[in-house]
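Marked as substrate binding site by TrEMBL: 6, 63, 139, 140, 141, 142, 172, 173, 174, 194, 195. Residues or ranges marked as divalent metal cation binding site in TrEMBL: 30, 32, 63, 172. The feature active site, proton acceptor is assigned by TrEMBL to 32. Feature annotation from TrEMBL assigns active site, proton donor to 172.
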Ligand code: DX5
Ligand code: ZN
């Protein structure tokens, strides 16, 4: 299992130290990019990815909650992204967008909003490295986990297994030790956690709790 601290919940004025604080316990960092159009919030762009890249050994998992992602993907690749995920709704030519990411040697993921049906990713599944299943509505940290997403995780997992694909399932939103366990049982293996890590003084303990240690 991989835990990806979401820096959205970190202290932005102290980002380097926040990253250093979690780095000994994880190998992945989740970066939430929001444009104020696709979601009702504005966060960070490629310059933040570029600034973090030389400061950490962790892989950078960039979650694009933006319109017209194709316009910005080259900048995020150049900035040093290791994983990039895009929402079904923002990609009229999803296959092309996924290829744009993969051609650069970056892992590509497709994201499902809570109300987006699994059917919408069936055809693209063999082309992606991971599926990100939103377990809250995207836009903000600190929201409550949507329980009905557990069925969706199981559904995606059963399609992946039936087709014999090497596609990982990542979950994002409202992840805490209890909801993580449920998602793991349903078939997820990458767990994004913002407030469950950065809202705690002791990040080591918070991450250990998530791992169920
Ligand atoms: C929400 C973001 C999440 C968010 C998760 O739109 O995609 O990555 O940071 O925050 P928590 O873990 O606090 O729900
Ligand atoms: Zn995210």
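The chain as shown is numbered from 1 upward.
A Cβ is built for glycine as well, from the same backbone N, Cα and C atoms used for every other residue.
Here the features listed in TrEMBL are painted onto the structure.
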| residue | record | DSSP (3 states) |
| --- | --- | --- |
| 6 | substrate binding site | strand |
| 30 | divalent metal cation binding site | strand |
| 63 | divalent metal cation binding site | strand |
| 139 | substrate binding site | coil |
| 172 | substrate binding site | strand |
| 195 | substrate binding site | helix |
Neighbourhood of ligand 2 - binding-site residues from 139, 141, 174, 195 with Cβ under 6 Å
none
Excluding 6, 63, 139, 140, 141, 142, 172, 173, 174, 194, 195 themselves, which residues in that chain have a Cβ inside 8 Å of the centre of the Cβ atoms defining the substrate site?
8, 9, 32, 136, 138, 143, 192
Other residues with Cβ within 8 Å of the Cβ centroid of 30, 32, 63, 172 at the divalent metal cation site?
4, 6, 8, 31, 61, 85, 132, 192, 194
Between residue 174 (substrate binding site) and residue 30 (divalent metal cation binding site), the C-alpha gap once rounded to whole angstrom
14
Could you state, as a whole number of Å, the largest distance between Cα atoms of any two of 6, 63, 139, 140, 141, 142, 172, 173, 174, 194, 195, the listed substrate binders?
17
Over all shown protein chains, what is the count of other CB atoms within 10 A of the CB belonging to residue 30 (divalent metal cation binding site)?
27
C-beta crowding around residue 32 (divalent metal cation binding site), within 10 angstroms
24
Cα distance, residue 30 (divalent metal cation binding site) to residue 172 (substrate binding site), nearest Å?
10
Test of understanding: give the count of other CB atoms lying within 10 angstroms of the CB of residue 172 (substrate binding site).
25
Spatial hits near residue 30 (divalent metal cation binding site) (Cα distance within 10 Å) out of the binding-site residues 139, 141, 195 come to none
